[in-house]
Structure formats: structure tokens, C-alpha cells
Amino acid sequence: MAEVTVSELAKSVGASVDRILAQMKQAGLSHQTPDDTVSDEEKQTLLSFLKSSHGESAAAPKKITLKRKTTTTLKTGSGSGRKTVNVEVRKKRTYVKRELTAEDATETAADEVLIPEQEQLESTSVAEIPESVSSDTAVEEIVADTVVEAEVEAASPEPEPEVEATPEPEVEDVVAEEAEPAAAEPAPAPVVEQRSSFVDDAEILRQRAAVRKKAEEEAEVARRKADAEKAEAAAKQKAEQAAVQKGSVEKPAAGDKDESKHHKKPKPKSETEEFDEEAKAKHNKKAGKAVKKVAGPKKVASALDYVEDKEEIDEVIHSAPKSKKGGQNNNSSNSGSRPLIKVANRHGFKKPTGKITYKVEIPEEIVVSELAQRMNVKAGEVVKHLFKLGTMVTINQAIDQETAQLVVEEMGHEAVLVSGDAVEQKLREQVVEVDDAELVARAPVVTVMGHVDHGKTSLLDYIRKTRVASGEAGGITQHIGAYRVNTSHGELAFLDTPGHAAFTAMRARGAQCTDVVILVVAADDGVMPQTEEAVQHARAAGVPLVVAVNKIDKEAADPDRVKNELSAKDVIPEDWGGDTQFINVSAQTGEGIEELLEAVALQAELLELSAPVNVPARGVVIESRMDKGRGVVATVLVQGGELKRGDIMLAGQSFGRVRAMVNEYGDNIDSAPPSTPVEILGLDTPPEAGDEFLVVPDERKAREVSEFRAEKERTERMQRQQAAKLENMFAGMGSDEKKILPIVLKTDVRGSLEAIQAALLDVGNDEVQVNFVGGGVGGITENDVNLALTSGAVIVGFNVRADNSARKLAESESAEIRYYSIIYQLIDEVKSALAGMLDPERVEEIVGIAEVRDVFRSPKFGQVAGCMVVEGNVYRNKPIRVLRDNVVIFEGELESLRRFKDDVNEVRNGMECGIGVKNYDVKVGDQIEVFDVKEVAREL
């Protein structure tokens, strides 16, 4: 072998240069610098010193013999005649030590340099063996280690040419067949001298663990050596001194070629294979601690008594030996089965030591069975507690929030009150608030209302015809009831609500979807009943009015008549000092159209309209329908944010993903900014007109809120059965505010209408008053019922009746309709309803007077007055007053009323009694006045 420097030697063995120089100095070598050369003799000297320093003998025996004895148990027979037979197997093997080559010496030196501490630990573990054995036994231990190492190599992914684990029938054959390859193959010399040995199997397992650890260390050294050789090979190609570096690489001697045929050099392993080997070694170590013998499954089970950890059980099962297909592991009769693991006979559940307190969420109404489930108790227990509280219910009945709270607290749990709109609140918390969003100016939303015969449709068609750009697809046909118009004053969004059904529903839900209302009135026809309804709707919504006096091109047009009639409805023109703009227009000639749009733009500019854009879209549903081939089609108006295709939309009880959006011209669009009406596809069911829509984060949340709204709507429908009735009009009214009785009045002639309105307005006083939210001449229509439902009013008909649609709607919504034919009867019933809304008057009535004749002392009540009833009767549990010299000095309650030591409830006039006054001392001569408080209904 060529001479190398100290630095190259340190690099080849994977150790530091300082450590190599220190060990050379201890060995007596004269190397001082990393550039000093090291010959083969100096290497052998260093290797011998390292071996002697770690207690290794220089000379080892050439031939050793190993004896092994294995005892197993075999069960024969079946049923009651089963017998147990002990089988003892004895084995004897002879091994010949191989000669140590130069390459093996270098590897051994590398092992000595890298891991002396680990070898010291191994020496310590082996030193625990008793020393009362001979040197021949130590030789047997070394050979046992060699056998175990051979078995480990046989189990590796790259086995050696011969496998010694194959059993043979005769011991002599085993020795003869294994002696020859042992002589031909060089084996690494043992590092640690074994001083003693055990023949017991447990000691063999310990020795196997030590040899296994040694094998892992050798594999690590081989890997490092291979990495070093790869690094040197890469450096050869780049460095300029290729010849010098090539000479520094150690090559095997020529005499080793023959031996290398039989002994292959270990192949460098990847990081994954090293990780698998480390994991397998850890499993084997843990299994070695728990298992005393690996002869059979029964002995594995005896060593694993009551393993509690599941991971330990899995490790033992994986590490326990499995029988091979060829029957190589036949130490027991059932060697092919899994090892029997004994586990501690305990279940994982532990009985709670204390009472568990739950936080029970209680909504506004909850079923008894569901409440019991939330407290983790039986429903019968909840029914018992409710019975103690005086409530008799079944497990399927619902109880209110207060009762459920009392039951939960009485049963020792914590009640958490949940609002009925908790789901809605959580949804709104996930959406960015409008106050925190960026606001931008938006176009005003204009609603055109009026009588159908007054030219409303013609006015809308003229505006669209003149404002829609030429060449637009669908510019003639209006696909939806809303569209946008570009004017010189900006964009305007027009909304058409025929029949006012959508507008009424919007106002009922508090959705302010419109900014300005254009009231169309025909100049030749004047104010009609539907015109009055439009005024009432606009006032209820709180939006400004712009009156368009249409048909001024006709000869019979009279704009002043329209102003006079609307002034009677409190719609005062600006010319007369009011705040309502009147514009004369003609839908046929186009006269006044520009002034009308300018007036609307001016009114919108005063409102300073704005909307957020960087928030989830929200708005209101204009109308919806089922279209054949397209499914649910909904017309919506975006009020805030930007609606995009693909958003998850929630509208009332409907939800779905926006699959397509169509504008008023029939074009498909991808997004819609605020104040833009669009048609959308993708909802599961048609939403109600006036429902507010909102874009939610995910479909699961939309489904949850939709189901909650459906359940809430069913509950509210049941609660509305008592609404809008004269007998219940005073319910929910505040005591300090003026109470209003809303009425929708319909009569047969206008004279009767004016007379009844004047008479009912005079009935009220400072506490109660009649308010006419709607009225007119003619029969009761569906619009009247809708108006009454949204305002909580009572419908009164004088010599008129409701049509079929209005009657069906009133029956379904439990709205009350009253018919009268005599005006005095109508006024008397309304007066009675107003009187019922008045607060009752409290009147005191003196029921008896008792005079104190003497005062006694009672240990239970304190002072007791001996009295004589001089007027009326004295009653127990009624309020009293104590009068001294005809002056009231105390007001309280009677604590006791007795006659001859007996408790009585009443003492008549002229009889004596004992009266105990609570928290007051009376004197002789005082008068005790007993009174009663009664509530008397007031009248107008």
C-alpha cells in the first residue's frame, strides 16, 4: 500500500486531523504535522496500539466450538387426551478464524478512531456478565457473536452466498459444511475481548444486540468511506493535480482479488435504506427488552405480559420472528402463526369522579327531548323537573326560553341564551361591514308608479327608445322590469313594479330598494284610487316623489286639477310652497321628458347616494319566475358590492351559485356594479319579490341559513294568527307613547268616506288616535290586504265587500276584515277599540276600619294590636294604612290576623281580633284602615 499523509489518512477514515495526530503521539509515532507521511508499518503500529488500548488481545484462538441447547414444548393428541412433550435440541458447531487482511485492518482502524466511546459502552454492557467462567467460554462467546452477525447479514436486502440459518439433521454435517467457507472468507476481528459467557438464550439475545449495533456502526463507516471516495473522484476531474490525488487513493492489493470474489464489499446505501435500518434496529432493541426467548409464539406472549401501549404491541408483533415458507423455523408446532400478545384486561373508559356541567345553548323555543339531549340526560328527567315547576308537557312539546333556562339551572348546568337570529348574525359577521368599506357614488334607482291607464308604460317606452344606444341587441324588447339609462346628468336605473306587489313586499321587509318615485298622473283623468295607493306606498317607504303630469297634449288636459287633487292628499307642489316637483310631460310627443329626467337627477343629487364596491354583493329581488329550459330566473337589483358570476347567493329561503347573468338588453355579463338590475340563473327555488339577497362565502353556510329562515317563517306564520285584530290592537304598545290604531277604510261613495274619516278622527284624545294608512272608494282588493298586513292595520268596509283574491289572502294571513252598514255602529266599535287601548284607572276602595284597643307582645311577630272592627270587614292579605290622629303614618300589609289564637281570613264588623302589622309598631288609639285597589276601564 502506498504511503499517505496524515491529512489523507484522516480524510479516508472520516476523523479529524487533530485526533489522528493525538492518537499517533500516544502510540509513540513521531508525526507532528498533517503533511507528514504514514507508511504501512506505522499504520499497523497505530492499529495495534488502538486495539491494546481498548483491551483487545493480540492473539486469538484459531478454532472454537459452540454448543447450544434449545428446549421447546410440543402438544400431542386432542380433546381430553392431550399430552405435553418437552423436546430438547442440542447443537454443536466448530468455527475457524480467518486471516486479517490489510483492507480489513484499515477498516478496523477507522472503527477504532470513530467510535471508541460506543465500544466502551459495549464493553461495559458485556462486563456485566459474571466472571466465574473459563477462557474457553470466552472463545465460544466470540464465535456466537460471529454467528449472529452472519444471521443479520443473511436477513439484509443483499444476502451473502451462503445462509447458515438452514437447519440440517446432523450436527457433524453442519460443522463440515460451514468450516470450509469460514476458512475461505476473511472475517473482521472482534473488537472487544469477552471475559465471560452465558449459555442461556437471554445472554445470546444480548450478544446479538451488541453485534447488531456493531454491524450498524460498520455500515456507517462504509457509507462515510464511500462518500469520501465519491468526493475525491469528483475533485479529480476539476483539480489540476490529478496525478497526486490519484496516487493518494488506497487500492486493494493483488493478493486480495481471489478473496474479493467470495467476500463482496458492502454496497453504499441510500439515506432511505439507512433510515429503514435504523428503524428496524430500534424495533429489534425494544423487542429484545420485552422478549426473553424467540423460540415460539408462546414464549413471546409470556414475555409480553400485559402490554398497555398500542405502539409497543405493534412493535413487538413486527419484531417477533415469523416462520419462513420453507419451514426453517420449526421450533414449535404453530410456528407459522402470529405471536400471541397478552394485553391488560382494562377498558379505556373511566367513570367520572364528579358531576359534569354542560353549557346548554337555549334558543327562543326548544323541544323538551332536544333540551334533554343537550344536557345528556333522559327526557323523563326534564319532564319531572318541569312538573315540579308547574308545567305539564310531553317530550315532543316545545317550551319557551325562560322555562328552559330555569330547568337547566335547576339541574346544575349553565344556560347560554341564544338569540333567534344567531345564525343570521354569524352570517353577517363573516361579511365585511358597509361602514368599513370604501364608498363610491352610484346611480339612483327610480321607481315609476301610477294608474295603468295614465300612460306609465308609454312613458317608459319613450325613455328607453330615446336613450338606448342604436344597434344594441334586444333594444326594443324589454326582457326584465328594470334597466339603466344614460342622461346628461348621469346614469339612472329605472325599476318597474306592476301591481305594486314587489314594492309592498320590499317595504314589509324594510328593504329600501328605491331612491326616487315618479308618480304618473293623467292630466285628463286626474287622481285615481291607484294613484292614491302609490302616494301611500311612497310615504310608507320614505322616498321623495316627482309627479309627472302626462297626456298634456290632449285637449281635455287640466294640470291644475291634478295639483288640486294631489294637494288634498298632502302632496304640495313647489309652486305652492311644497317640496314636490310637478313636471308636465307627453309620452307621445316627448315634451317635458328631458325636464323630468333632470328633476330626477336633481333629487338624486340632493340624496348624495353612494355604495360600497369592495364587499360581497347585496341587493333586493325584484321578481322571480320558473322558465322552461332555464330553471329559476330571478331579477335582482344590486345595491352594494359587485355581483360576479360564480358567487354563492342567498336570497330569502333560496340559495345557489350564479351560473349566468343577463342585462336588460339580453347580453351575458360577468359582473354587475351597484345600482345595476340583472337577471340571474342558478337558484334552487324562486325567491319572494322583495327578498334581500347576499353573497355568502360557501354553499354550506347558505344552506344552513336557508333552512333556518324556512323554519322561522313557519313559526312566525303561526304566531301571526292573533295579529291585526281589534281585541289585540293594544298589545305591545308602550305606556308612555301615544297609541295609534291603524285602519284601512273602504266605502261605497266618497261622501261616506269623508264623513266616516272626520267622525273617527274626532274620537281620539291625547293618548290614543286613529290613523288611516289607506282608504278609497270601491271594493276591498288584494292590495288593500297587503297594505293592512304590512302596517298592522284593520280593514273596515262600509257597504262594500272583498273580492275573492283579497278574501283568500286575508284568510291565509289571518287578517281581520269588518263589514258595516250603519255608520253609528262602526263609530261605536272603533271607539270601544280605542278605549281598550287606554291604560286602566286604579281606584282605591276602603273595605274596613279597625281600632287599636291594646298592644300585646308576641315572640314570633313582635307587637300585636288587639283591635275592634268598627266599620266594614277586615281582610287578610290586603294592603293597610295606619292612621294616628286621622293622619296616615304608615302604609303596608297585614302580617297576621287572628281571633282567639286561630288564623282567620276575615273579621266582621263589631268583632275583636288580633292584628300583626309588618315592620311597624302601633300604639293604643291608632286606626288600621284596610283597602282594596281595583282597575276600572276608561271610556272616551
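Cβ atoms here come from the backbone N, Cα and C positions, even for glycine.
It should be emphasised that the depicted structure is a prediction, and the values quoted were computed from it without experimental measurement.
Per Swiss-Prot, GTP binding site is recorded for 450-457, 496-500, 550-553, and the stated evidence type is sequence analysis. In the three-state DSSP assignment, the secondary structure recorded for I552 (GTP binding site) is coil. Around I552 (GTP binding site), taking its Cβ as the centre, 20 other Cβ atoms fall within 10 Å, counting all chains.
Residues or ranges marked as compositional bias 'Polar residues' by Swiss-Prot: 121-137.
Annotation comment: Swiss-Prot describes 159-180 as compositional bias 'Acidic residues'.
Per Swiss-Prot, the feature compositional bias 'Low complexity' maps to 181-193 (among others).
What Swiss-Prot records for 213-239 is compositional bias 'Basic and acidic residues'.
The compositional bias 'Basic residues' annotation in Swiss-Prot covers 282-294.
Marked as compositional bias 'Low complexity' by Swiss-Prot: 326-337 (among others).
The region 'Disordered' annotation in Swiss-Prot covers 116-137 (among others).
Residues annotated as region 'Disordered' in Swiss-Prot: 151-196 (among others).
Positions annotated as region 'Disordered' by Swiss-Prot: 210-294 (among others).
Per Swiss-Prot, region 'Disordered' is recorded for 318-346 (among others).
Taken together, the residues of the region 'G1' (450-457) have an average pLDDT of 74. The feature region 'G1' is assigned by Swiss-Prot to 450-457.
As annotated by Swiss-Prot, region 'G2' applies to 475-479.
Positions annotated as region 'G3' by Swiss-Prot: 496-499.
Positions annotated as region 'G4' by Swiss-Prot: 550-553.
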Long-range CB partners for the region 'G4' (550-553) (under 8 A, at least six residues beyond its ends), listed in sequence order, are 454-456, 458-459, 520-525, 559, 584-589, 591-592
By a three-class reduction of DSSP, D453 (GTP binding site) is assigned coil
G450 (GTP binding site), Cβ-centred 10 Å count of other Cβ atoms over all protein chains shown, is 24
Cβ-Cβ distance under 8 Å, sequence separation of 6 or more, same chain as D453 (GTP binding site); the residues meeting this, in order, are A522, D525, M528
